[in-house]
Amino acid sequence: MQTRVLTGITTTGTPHLGNYVGAIRPAIAASRRADVDAFFFMADYHALIKSDDPARIERSRLEIAATWLAAGLDPNKATFYLQSDIPEIPELTWFLTCVTAKGLLNRAHAYKAAVDKNNEDGEDADAGVTAGLYMYPVLMAADILAFNAQQVPVGRDQIQHIEMARDIAQRFNHIYGREFFVLPEVLIEEQVATLPGLDGRKMSKSYDNTIPLFAGSAKQLREAIMRIVTDSRMPGEPKDPDSSSLFTIFRAFASEAESAAFRRALEEGIGWGEAKQVLYERIEADVAPMRERYESLMARPAAIEEILREGARKARAIAGPKVAELRDAVGLRSMSAVNLQAGKAKMPTRAGKSPRFASFRDNDGSFRFRLFSSDGEELLLSKSFKDPKAAGLAQKKLKTMGGEAATLHVLPLSLVLELDGEPVANTPDYVDEPARDEALHYLREALDLLAAQESE
Ligand code: TRP
């Protein structure tokens, strides 16, 4: 069994060493595991909440996509896409919006922080707060729930958002009466290092203390490292590795043995300048081949776009049927069923054969039936009917309804057909979602064939 792991990267900045060590590298390592089905996407709709600078949004999407690919993400293994290439996400956002308590969003940390600041400054509570910021958690819930993600690796600042996604999912499940959504779990990587920045505080864009990952050259990487703040101990004086940013950063790239050697060198009094050179060389050994790939990708934006398009296609193969199911569940269903019956074109039957029903009596004496395709494949098995007439009536309805009018609920590996709001039959279990979607297609086709015959 694979676990579906999904995470989004907001596309506002340029990746730095802290992003690489804390998020990119562990995520890519996880995506290589056989038991992980990874979904990684550029959260560019979220980026619009933070930035209204089109050039910055454009550049960041490209840089971040190139960074992940250069760092070793295999787009054939992971599903890698742009959020804005998935129209199902904003559609689902609206469905979720309509079941989300406004009070829940009032409690979101980012929104509350903005309100608190306004209150402190004596401003109107909502001054400068967009509805986008307010809705941020719902869009994020849609990102996750559209794909039945089971685990969501995020930083600690995002835990509340995952909890909200669970809340919203449960609320929707409750209102519409079925387990539409998998409840996602937050995944916090405890072992992952947080890197100190140039000034010793956590490396973060908001502190302006970052070391860029690829942007620029080896020379610029070296210059940044030379600016890392150290104490004033002179060459020859012993240094304390455990209070040194240099050592913490070094360890994030080096093996145990290399780290032990660097620790010894510091304790034995290596000068800070020389220590920085050692650190630079160690990082550059990892970064150089990636930077080369990065630059080659950045020179071919069309190739990156092609990869992302393909990722979106894979992603939509899951989100598409999911959102279709939800549209149906909330009542946005086909109104044309009746008219379609009247004006339906005659369907050719395959090789003269047609789908057929087979009724049988179950061990417990109840009445059931199966529907087989024209090729003899089992499409549906009905529930048990106590009364043979009820079983017959259900078959009759199935014969005339047509594929378009069928209410089909999409489960992870099977489909459930409903009549008058009641489940009456289900498909066998399929091996995977594509097989299930193919079955959906065949089932609708079989129902169309039956309806065409009935109206002859
Ligand atoms: N909000 C996340 C962040 O800033 C990015 C994000 C958007 C995300 N949608 C997501 C993360 C869905 C995980 C799942 O880090």
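Glycine is no exception: its Cβ is also placed from the backbone N, Cα and C atoms.
Unlike curated entries, TrEMBL annotations are predicted automatically.
Taken straight from TrEMBL:
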BINDING   Thr10, Thr11, Thr12, Gly18, Asn19, Gly155, Arg156, Asp157, Leu195, Lys202, Met203, Ser204, Lys205, Ser206  ATP binding site
MOTIF     11-19  motif ''HIGH' region'
BINDING   Asp143  L-tryptophan binding site
MOTIF     202-206  motif ''KMSKS' region'
Who are the long-range neighbours of the motif ''KMSKS' region' (202-206) in its own chain, taking Cβ under 8 Å and residues 6 or more past its ends?
13, 16-18, 194-196
Where does the mean pLDDT land for the motif ''HIGH' region' (11-19)?
92
Identify which of the following binding-site residues, namely Thr10, Asp143, Leu195, place a Cβ less than 6 Å away from any atom of ligand 1, and list them by sequence position.
Thr10, Asp143
Please report the Cα separation of Leu195 (ATP binding site) and the residue listed as 'L-tryptophan binding site' in Å, rounded to an integer.
28
With DSSP as the reference, give the number of residues of the motif ''HIGH' region' (11-19) in helix, strand and coil.
3 helix, 1 strand, 5 coil
Counting other Cβ atoms within 10 Å of each Cβ, which of the binding-site residues Arg156, Lys205 scores lowest?
Arg156
Should Thr10 (ATP binding site) be counted as helix, strand, or coil on the basis of DSSP?
strand
Of all the Cα pairs drawn from Thr10, Thr11, Thr12, Gly18, Asn19, Gly155, Arg156, Asp157, Leu195, Lys202, Met203, Ser204, Lys205, Ser206, the residues the record ties to ATP, which distance is largest, in Å?
21
Entry from the binding-site residues list Thr10, Asn19 having the most other CB atoms no farther than 10 A:
Asn19
Can you tell me the CA-to-CA distance separating Met203 (ATP binding site) and Asp143 (L-tryptophan binding site), as a whole number of Å?
27
Could you give me the DSSP helix, strand and coil counts for the motif ''KMSKS' region' (202-206)?
2 helix, 1 strand, 2 coil
Calculate the distance in Å between the alpha carbons (Cα) of Lys205 (ATP binding site) and the residue listed as 'L-tryptophan binding site', and round it to a whole number.
24
Sort the binding-site residues Thr10, Thr12, Asn19, Arg156 by C-alpha distance from Asp143 (L-tryptophan binding site) and give me just the closest.
Thr10
